[in-house]
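To start, the structure under review is shown below, and the notes come after it.
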Amino acid sequence: MTLPDRFDRIRSTPLRLTIILTLIFAVAALGCFTTAYGVVRANLNAAILSDLRQTVATFRQEGEPDELLERLTEAVRVTDPSYRILHYLPDSGPVISNAGDIAPISGTVTLAGDSLGPTDGALAESYLALSARVGAGQLIVGQSRRAIIEMSEIFAAVVLMGLLPAMLIAGLAGLWIARRAQDRIGAIQDALGAMTGGDSTARVRGIAAGNDDLSGIGQAVNAMATAQEALIVTLRQVSTDIAHDLRTPIQRVSVLLDRMARGADLPPAQKTLLLQAQDETTRIGRTFQALLQLAQVEGGAARDRLVPVDLVGVARDVVEFLDVDAETQGLSLTAALPASATVTGDRQLLSQVMVNLIQNAMLHGAEGQTVHLAIATCGPVVTLTVSDHGPGIPADERAKVLRRLYRLDRSRTTPGNGLGLAMVKAVCDLHRARLTLEDNAPGLSVRIAFPPVSADVGTTAQRPHLAQ
Amino acid sequence: MKILVIEDDTATGAYIAEGLREEGHSVDLIASGADGLVQGTIGTYDVMVVDRMLPGLDGMAVVKTLRATGNATPVLFLTAMGGVDDRIEGLHAGADDYLVKPFVFGELSARLAAIGRRPKIQDAPVTLSVADLEMNLLTRKVTRAGQPIDLLPREFALLECLMRRKGRVQTRTMLMETVWDIHYDPLTNVVDTHISRLRAKIDKPFATELIETVRGAGYRIAAP
């Protein structure tokens, strides 16, 4: 996957929705857990504190100092310090404690186990301790926070074992759904791209079945394409009809002029006029022919007839055909060709493209310049380049010159019908080849990159006139 | 030759028929597809000229039907269309050649001469000759008045094309199709340049010119 693809995927709506939903879910779940944890912890703390206060209250009930000391001594002896600590610091006399030395505290504090001792028994990790005045001394009662720590561990385990896998699963499922949606959106985009590229038969595939929003869009696109295709067919029929209707009168004019030329002995001046009229009629006919052929190639019906063609063989013939023209004009036509380069195509149309491009280059080139034809193979991709050192085409005009009948201002007076490059573009589209016009500094470089030859083409389609 | 012309446009039809008659052919002119099919089936013709678009039964159907009944008379299609597809479809239907309107008579005449039934020249001639120009197809050697002439392969092919049909006009389109396999209008008169190169080698150094330009049609090689 290339970098731009990745960016596209991140920008895709379904993926963004997935990421946002997963994040919302995670934040909400964590919020709930945190609240629950806080509540449970506060309850446990409150329970421990109330227990401690109870203990303090019990000792306070003893009125006699001696009895208090006795009870405390007894209590310290039987109390396990890992659960509860008792520490009595009388105003005078020895300390009574099951937890070693404890620094004086006031109020309610949390004591770390390792700040106590030494003791006979083991100590807990930490204690919640309460200091209160009992009799003639200060009593510190503490209870192990074991229950709270265990509760925290359980919550952590729940988050790790429950929430994270859930988020992971939700994220993966979201990605998969996003990818599926992306594929379907991609199918719609591909179909629209192909239609824009002139393939009026392109449709959104594999989307017709469902009845969700994406399928709806796909079906709408297909319906639009069908309507447009019908329109194109009608238009094409109309233009063919017009061509036929106009060709016959042109033929008649041509016939009449020819009869005139063959018949009488005309004065030389009129003979010249007649010859000019005949040439003009031929030119009209040729332009018609070129327009009709262009419409036909753009129609794309010839796509079924494309067969493997050795582009190098075609190029050799074209160079041999045109190099005398180049010599006559004082240009040199050079070629850099590999041994062979197979593309899927129509030999005549490919030959015509090369002739058009080379003639264009020669037309705009000046004496002494070179027109260069190159074919290169890079892996399965075959590239054809025709470059010259003429005046070139300004960058903002490059797309326009591919339109039919468009001509650069400076070309208005040169011969040509404004259909040559439109034909090149149409043939490239037919072959699904990529056409680029570049600055040759100075001059123009036209590059055509053909798609790799697919194995199944050519076995079914055979050129009928060759077969016969 | 006996020629059947099926063409619905009266002006064009009359023009073709008249021109062909002037050249000494016998011509039957029919204006509809159905009548043309009947005439083509019962008559014996050396070549037929069929308009592609006819009222009723169109030209394509006429030729397909004729071919289906085993009729092998050479057919030249006339058409107002003329893209690659039409040409291939026409040839696929069984036509032998294809001419796009508007055409000049010279082109039609030359093409009919090329496809029409005619006594076969010997099957595989080893040498072709026109006056003192000789071409050996095996050794690929060309001599004029005994002097060897060096030709490039394409020049040889061009000369061979002319010499194989000596005395008959070869149009520029026919030459492009045969010599360079170019079946489209290349919008260039480069064929003329090739011919002038050829002339420089086989005509210029000698007293008489053998390659003749036929105005409005093409070229012909013949003994002066």
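The backbone N, Cα and C atoms fix where each Cβ goes, and this holds for glycine too.
Now, the feature entries from TrEMBL:
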TRANSMEM  A:20-40  transmembrane segment
TRANSMEM  A:154-178  transmembrane segment
DOMAIN    A:179-233  domain 'HAMP'
DOMAIN    A:241-454  domain 'Histidine kinase'
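Sequence-remote contacts of a segment are chain residues at least 6 beyond its ends whose Cβ falls under 8 Å from one of its Cβ atoms, and for the transmembrane segment (A:154-178) they are 12, 14-15, 17-19, 21-22, 25-26, 29-30, 33, 36-37, 40. A Cβ distance under 8 Å defines the sequence-distant neighbours of the transmembrane segment (A:20-40), meaning residues of its chain 6+ beyond its ends; these are 151-152, 155, 158-159, 163, 166-167, 170-171, 174. Each residue of the domain 'HAMP' (A:179-233) gets a DSSP state, and the totals for helix, strand and coil are 39 helix, 0 strand, 16 coil.
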